[in-house]
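> For reference, TrEMBL lists these features for the protein:
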type	residues	note
COMPBIAS	1-14	compositional bias 'Polar residues'
REGION	1-33	region 'Disordered'
TRANSMEM	124-147	transmembrane segment
DOMAIN	125-528	domain 'Major facilitator superfamily (MFS) profile'
TRANSMEM	159-180	transmembrane segment
TRANSMEM	192-215	transmembrane segment
TRANSMEM	221-242	transmembrane segment
TRANSMEM	249-268	transmembrane segment
TRANSMEM	280-300	transmembrane segment
TRANSMEM	326-349	transmembrane segment
TRANSMEM	369-390	transmembrane segment
TRANSMEM	411-431	transmembrane segment
TRANSMEM	437-464	transmembrane segment
TRANSMEM	476-494	transmembrane segment
TRANSMEM	506-526	transmembrane segment
Amino acid sequence: MQNTNDLILNNNTQRESKILDPNDNEPSSIILSNNPQTQTSIIARPPKIYIPPDTNESSNTDSKKTTNSKVSTIIVIEDSDLIKEGKTHCEITTNQDIENLSVSEKTIIIVNDPRNWNASRKRFILFLVAFAGFISPISCTFFFPAINDVRKDLNTSEILANSLVAVYIFFWGISPLGWASYSDSHATRRKVYLFSFILFVISSVLCALLNNIWLLLAMRALQSCGASAAMCIGAGVITDIFRAEERGTAYGLFFIGPLLGPLIGPLIGGYINEYLNWRWIFWSLAIIGFLMLLLIFFFLPETFRQPSSSPTSTPKKRFRPITPLLLLRYPFVSMIITYVSSICVLLFLYQTLVPTSFAIQYNLSSSEIGLVLFANGIGFIVGSVLGGRYSDYVLMRAKKECGEEYPEMRLQSVWLGAAMVPVGMLAFGWLTQANFALAWNLVAMVISAIGAMIIFSATATYLVDALPTQSASAIAVYHCIRLIIGAIASGVAQTVDSAIGTGWTYTIPSIICIFCTALVALVSFYGRQWRKKYADGRKFEYVKYGKRIGMYASPV
């Protein structure tokens, strides 16, 4: 009797496509046989084994052939741990005599599962994608101290000079939709990184050379497009290489890179602008981008893996940039993003108002305001690291109690952050209005920052766990919507603050944020049912002898 990991193919049994469990650590034996006396046994360690079905035509024709025919079984291995160094494919051909039957060629493809890579390799890849994520926000914040100098140097209006920031943020929000769609539809992460950083480097060089404000706006948009891919594709890479119980910690560490940009960008950009000039800001970004491009080219492997019927089969590829937005029709996606957007409204409010209000109320210089925001950034980093670990801890504890694991378990870690953010923001608003000691405001800011990162780590990881085959698209929508909402909040912040006062400016969105917490509760209780329900109406993609005969992608 064969064990449960063995798959026996017999000519009397109709063959079907089968993918063995990639989470099974025991070796699997695949036995190709037409009778018990003649067998070919291949031992293969997981991650994945795909065996395409026979066509009905070949089965009907070949079953009538005579004795002593030879069958060729080609085993194509795509696993760096199973093949010799320097090779990407290994073909082994074995011949055997089979009585009364000549079977058409069989192909077994063992696909590399990046989740089985060793820990040091995965940590290095995590470092690369975090560094790539650092470049996108620092490209925005580097430029803040130089806006006035650009306006004077190019002899343009203040509105157009400020538009250099607005254009960057706008394309920072919408561009990931295109990158994510390309990544998921073309089954690649590495190519997207390479294309996007080539675009980033070229546009950064042109930004440093141009003397026309309109051309500079256009290149600034392209620069944002190139830098924006790192967040959504980085999320996809983490989904590819880490298992569910590891992703919370990985996301917490991943967010350190993007958080360092707003933390140190204004400080470094101010020094570069003061001691060199604003053009060197773009030269610096071009140099950083080129170094990142080299690191990706030489050290980042392709992490996206899909089984196919043969090494040469190429599925039909569809590039639809707006497709990620369709994920919003799933209630578990739209509710989570709505809640996260309410958090971002609060964060963008104080990031916009602090430079003005603190300069007036506490008589702070621009460098001192930068140090205030630096302290806030420290809170983001602490929250990112602790939030990721706390998210994984909550998931493992819930799994131990229930005996099973599903993505909604992770949302239990949101409640701590959901309490910290509105409490911190309410305190910050009224303390600022009452002109309390600055130290108390900083404490309130740090509490809110830590709580926000606990929420971001848990919700982002939940979405990629709930949508494993569309992780890049999920994170693209996640960032797109919250950036757009946050940008709107930033635009009206000063007007609202002048109209109703600082205290109420933070109180109203804090109350909205508290009510939106109910959306997380609904997803926590009903998300699993919703995912199963919507899975019935979606298609799974599978391949039969190199021909795509179905296009299905399930959210579960």
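Cβ coordinates come from backbone N, Cα and C, glycine included.
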> Could you tell me what the rest of the chain brings near the transmembrane segment (506-526), counting residues at least six beyond its ends with Cβ under 8 Å?
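Distal contacts: 331-332, 335-336, 338-339, 342-343, 345-346, 349-350, 408, 411-412, 414, 418, 421-422, 425-426, 428-430, 459, 489, 500.
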> Give the one range among 124-147, 411-431, 476-494 whose Cβ atoms make the most pairs under 8 Å with those of the transmembrane segment (221-242).
124-147
> Same chain only, please: residues at least 6 beyond the ends of the transmembrane segment (369-390) with a C-beta under 8 Å from a C-beta of the stretch. Say none if there are none.
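Non-local partners: 248-253, 255-256, 259-260, 262-264, 266-267, 270, 351, 354-355, 358-359, 413, 416-417, 438, 442, 445-458, 461.
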> Below 8 angstroms Cβ to Cβ, which residues of this chain, lying six or more residues outside the transmembrane segment (159-180), approach it?
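Tertiary neighbours of the transmembrane segment (159-180) are 136, 139-140, 143-144, 147-148, 150-151, 192, 196, 213, 216-217, 220-221, 223-225, 227-229, 231-233, 236, 321-322, 324-325, 472-473, 475-477, 479-480, 483-484, 487.
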> When you scan the chain for residues with a C-beta under 8 Å from the transmembrane segment (249-268), skipping those not six or more beyond its ends, what do you find?
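Contacts of the transmembrane segment (249-268) (Cβ under 8 Å, skipping residues fewer than 6 from its ends): 126, 129-142, 144-145, 230-231, 234-235, 238, 242, 370, 373-374, 377-378, 380-381, 384-389, 391-392, 453, 456-457, 460-461.
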> Take the domain 'Major facilitator superfamily (MFS) profile' (125-528) and average the pLDDT across it for me.
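Summarising the domain 'Major facilitator superfamily (MFS) profile' (125-528) by its mean pLDDT gives 83.
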